[in-house]
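*Asks:* Submitted below is the structure of interest, expressed as structure tokens.
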């Protein structure tokens, strides 16, 4: 099972880059400060993707280990190409349900999936530095997968917000995923635009009189490109080295050197991120 054709998606997104370049996540944020005098906190926002960023693998693939055969039938081997991934995953989950896979089976397999290298070390640093960092997740996974894995690793309290597709157990005890939202972005999957979610988070915090000194964005996939390209020169993008986001950023920067305002810092181990943050904060 392959989520999408990454190479084809990268080409499409690269072509669309010029169409959406003008939209900025911090655009008109100032008008949302109710007093007109934002509390500019000595605090940083750090945004994490989840699959293949916090965890080593894609949770949608991990859950297939629950299947007695650990393989999908032929009609489910080819995912859709129209961005309807959550609908496709519901078909996969229905198949697992019909095979007798129960909630506890999925929880066990998800709880055992490994985090990326030194990610626990990074989260320990962020937990100890909670006075400086606000941590959020923006992920196209789902609440069931993410919460199960975070709870298994005692990480639930690290994050102030988790933005992902809602999932619940229906009346038949089958897991069902719903889309996070609808949006107008032409380069993102129809159920999630991470740029819009980041923008909305900044607006919400502005209404609470909070403005961040700097935004750090940690991701790996092509759906992390949209929010990354709109960050400012004071922010930092951490693409996982040699993963689709890193390749896409490199490709776009080759054709337009000024494409990204934010510095780009590739990472292989979460320790790379931690060392950079320590240098930024002096901790």
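Just so it is clear, glycine is given a Cβ too, placed from its N, Cα and C backbone atoms.
TrEMBL labels come from automatic prediction, so no person has curated them.
According to TrEMBL, the protein has these features:
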type	residues	note
ACT_SITE	49	active site, nucleophile
ACT_SITE	51	active site, proton donor
BINDING	49, 51, 220	Mg(2+) binding site
BINDING	60, 140	substrate binding site
*Asks:* Quick one: give me the count of other CB atoms within 10 A of the CB of residue 60 (substrate binding site).
*Replies:* 21
*Asks:* Provide, as an integer number of angstrom, the distance between the C-alpha atoms of residue 140 (substrate binding site) and residue 220 (Mg(2+) binding site).
*Replies:* 12
*Asks:* For the C-alpha pair, I'd like the distance in angstrom between residue 51 (active site, proton donor) and residue 220 (Mg(2+) binding site), rounded off.
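*Replies:* Taking the Cα atoms only, residue 51 (active site, proton donor) lies 8 Å from residue 220 (Mg(2+) binding site).
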*Asks:* Hey, what's the Cβ neighbour count for the residue listed as 'active site, proton donor' at 10 Å?
*Replies:* 24
*Asks:* When you average the Cβ positions of 49, 51, 220 for the Mg(2+) site, which other residues in that chain have a Cβ within 8 Å of that mean position?
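*Replies:* Here the nearby residues are 50, 52, 53, 54, 58, 139, 219, 221, 224, 240, 243.
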*Asks:* Measure from the CA atom of residue 220 (Mg(2+) binding site) to the CA atom of the residue listed as 'active site, nucleophile' and give the result in Å, rounded to a whole number.
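*Replies:* Given the Cα positions, the residue listed as 'active site, nucleophile' is 7 Å from residue 220 (Mg(2+) binding site).
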*Asks:* List the Cα distance (Å, whole number) between residue 60 (substrate binding site) and residue 220 (Mg(2+) binding site).
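*Replies:* Counting only the Cα atoms, the answer is 15 Å.
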